[in-house]
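Trainee: Let me begin by handing over the structure; questions about it come next.
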Amino acid sequence: MTLLRRIGGFSVRSCRSFSGCAPEQTATWVRSTFVEFFRQKYGHLLVPSSPVRPRLDPSLLFVNAGMNQFKPILLGTVDPRSKMASYRRVVNSQKCVRAGGKHNDLEDVGRDVYHHTFFEMLGNWSFGDYFKEEACSMAWSLLTEHYGIPASRLYVSYFAGDAASGLPADEETRHVWLDIGVPPSRLLAFGLKDNFWEMGDSGPCGPCTEIHYDHVGGRDAAALVNANDPDLVEIWNLVFMQYNREVNGSLRLLPQFSVDTGMGLERLVRVLQGKRSNYDTDLFTPLLHAIQQRSKVGPYRGSMGTADAGRVDMAYRVVADHIRTLTVCIADGVYPGMSGAELVLRRILRRAVRFCNEVLQTPPGTLASLVPTVCHILGNVYPELHQESNTIINIINENELHFLSSLQQGSRVIHRTLSKKDYKHGVFPAAVAWSLHRDLGFPLDLVDLMLEERGVRVDHQELNILITENNKVRGRLQSCDESKLTLDVATLAELQRLRVPHTDDSLKYQYHLEGDTYVFPQCHATVLALYDGQTLVAEVPEGRRCSVILDQTCFYTEQGGQSHDHGYFTKNELPDMPYTVETVIQVGGYVVHQVTATDHLKTGDQVQLHLDKIHRLACMVKHTGTHILNFALRNVLGPTVQQRGSHVSADRLRFDFSVMASLSVCELQRVDKQVSDIISANHSIYSQEIPLRMARNIQGLRTVDEVYPDPVRVVSVAVPVSDLLVGQPDRQTSVELCCGTHLLQTGAIRDLLIISEQQIVRGMSRIIAVTGQEAIRAREAGQLLLQEVDSLAARLTSSASSSLNAAQHLAEQVGVVSDAATSAQSLLEKNGSKDLQVDSVNTDSLSILMKTVNHLSTAAPHSHVMLLAHQKHSGKVLCACQVPKSSTFLSASDWATAVCGHLGGSAGGSVLVAKGTGSSSDISEAVKWAEEFALAKIKPSQG
């Protein structure tokens, strides 16, 4: 029977499917009812779901909980100018992915009927507003009165306390539930593992209370709560954030208490539709039907374990789950790739393809053909799925085609290994499994799955050794930066209690041109606060690393893809004692300068800031160049091109964008021409702060997925922002929301050259570009290479009647030029134009090595370059180097002789160019030794 209720002006329809009637609540209705309950009845603000690609949070592979986008509020780091800073009561449905990282449900998907890699998290939040009593009352009212869930089916857990942590039992929450009417027999206490929620090793945390639902009913199921019983499941978790976990593990009360709740939509729909499986709800049944239409097996029966003959039903569940994840992730700009979240998505795609191909016996292309069904189910609430559907289909099809080829090869390798006479029955060699993973891109869990079906397992002890060794090598290749002294939530609250004003950083934009010279303002400031990594202090002794907050600054903080400014400050009474600024970050409205005190430093000190103007100007050039490049790419490739990330530093710019294939030579030339024309025109660049609502009405505005402050800064090329606000300009131009620092005229870029463009994953390309003198030198190097190629081509043409030996010699020369150019481009992309470049390359030819060094030195004429090549089969090491003509402290011959002597070999050459050979089993050690030798020569001369 259908009940109509109107409570507080809020109309709710509820069907008691629990008593046997046909369920009427669609997933769409369940979702909208949740949102409208909190909006209309309790005044919550609806905040759209953030993309599953985390915003500026390297600790996460994917957004995996509703609270992720609100972490800046919980941590106290939210920009006070942003709309988020005003949030008090919030509600939404958040797209979440739990696959990889701390929360990883990938292995469970398909084996049961309630785990998913993608799911929706319904949630309501209070940031310093209501707390335990209101949160529990709202939750109970929604579930029992509005959704009509019988209270007799519900159990509630709360935090029992933890003596070791000094945490008392959450008696306050217990009494709230008793007052609501929950029987004591259904109110159960649990410890830290089940009922104390933590964001991470440190940060906001607190006790939680969970509401559990019994699918069976008519029994006392208290003993099954938190016992992993599929018929008694947690449906809603209410977290009360009242503590902060310090770095040392201790707890202290937060200055502002918050509520963070999360309820899985899929589980709730399962309850309200009276189903025993999430896959039997209308969130999945259209997908299961679509899969069955394309398969050669029977329909989905919902069986599990030994009852699931041939794992057919497991395959149905895996494919239905995975296509939802793939569709949502790709729409949000996460594409299958080779590292991080992209690698996880690649594993998900390949797992789905294999189940389609080998178990469900569907034709190629089936996976992508399911995308429209996902869009039909979810597209009304997440419109980006419809907008990106063609891109999603193309990316899935391309990845599937590539994997099917690898899958056949991998199956042959497994079969061949198991057929060998020396095969040890039951245990698969770890080295072969690792080879499948490393060389063919097989996820290790997929190898396990394929072997499990044959009654075989991998030697995981040996495999873990291989993985550990691989991680050690990768760790040696990655440099480790010193940790940043970031202010925690308690320290930020203390700053506000002390009424320390937010930093005025408006001076970073107040520069002007005098002729062709940029003039940056002087900045005198007062030290308002000092932070030593644990607490605010009044004074910092000499040699101590600390964070400094000033009343004003001219330094740019690291944000919006642009590197922070470099420079130093001096105290007024010690003008010759520089305090080098190591990092500049913005936290909760404060600009934090991280320094190592060269002398004692105390609050109240008067300082003068000294900006590294050359570094700042180089960043300005690259940032303006990035905007122009973005504009040119969209003009050449069309409006479907979307920015997916960028980074601007003093020596180069990186720009990631969505595109189905690498650019052709013709397209690159057209982009280059458009960029060059804008630079040559020396257009003026305008910027203006305006309200966000006004900015969104500007025609052709480029935005990326970020939370913008309000007002926002609009940067426009050639057309004043005021003109853009009154109507559509006569011509298209680059106009973006951007907090970065920019040139005032485009001509200062001088030149911009793309030195690398490649697809980093299917559907996403990365451009590396240089500007100014580096671009001019790179063009000159390209011209020299072109002349060499033309010369070789002419010789090949004229030697048509020459001997076979001559033709082979010319072909070898062509190969040398081609290989050297490729290696040089990769190294230039990796190292830029640093003063010292020591690296290893993969070649067996000393000619190619010498040529690569020459190309690299031509492109970066001030660099001291040494390249080593390791012949792994023999242990032989090839060495080549070149130094600038101006180098007086390090000659090429001395450098090569020293390095090759260290490697037990010999070398020879001139002051500028040298080569040699040696032997080593560890090329990374040889590279390090060569670099240290050069640095020992360079540093004394620079001192």
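Note that Cβ sites are derived from N, Cα and C of the backbone, with glycine treated the same way.
Values in this document were obtained by computation on a predicted structure and should not be read as measured data.
Straight out of TrEMBL:
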BINDING   His623, His627, Cys738, His742  Zn(2+) binding site
DOMAIN    25-781  domain 'Alanyl-transfer RNA synthetases family profile'
Trainee: Using the CB centroid of His623, His627, Cys738, His742 as the Zn(2+) site centre, which other residues of the same chain sit with their CB within 8 A?
Mentor: Met620, Thr624, Thr626, Ile685, Val715, Glu736, Gly740, Thr741
Trainee: List, in sequence order, the same-chain residues at least six positions removed whose CB sits under 8 Å from that of His627 (Zn(2+) binding site)?
Mentor: Arg702, Val715, Val717, Ser734, Glu736, Cys738, His742
Trainee: Just how many other Cβ atoms lie inside 10 Å of the Cβ on Cys738 (Zn(2+) binding site)?
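Mentor: There are 24 of them.
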Trainee: Over the span of the domain 'Alanyl-transfer RNA synthetases family profile' (25-781), how high is the average pLDDT in this prediction?
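Mentor: Across the domain 'Alanyl-transfer RNA synthetases family profile' (25-781), the average pLDDT comes out at 90.
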Trainee: How many other Cβ atoms are found within 10 Å of the Cβ atom of His623 (Zn(2+) binding site), counting all protein chains shown?
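Mentor: Other Cβ atoms found within 10 Å: 23.
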Trainee: What is the number of other Cβ atoms found within 10 Å of the Cβ of His742 (Zn(2+) binding site)?
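Mentor: The answer is 24.
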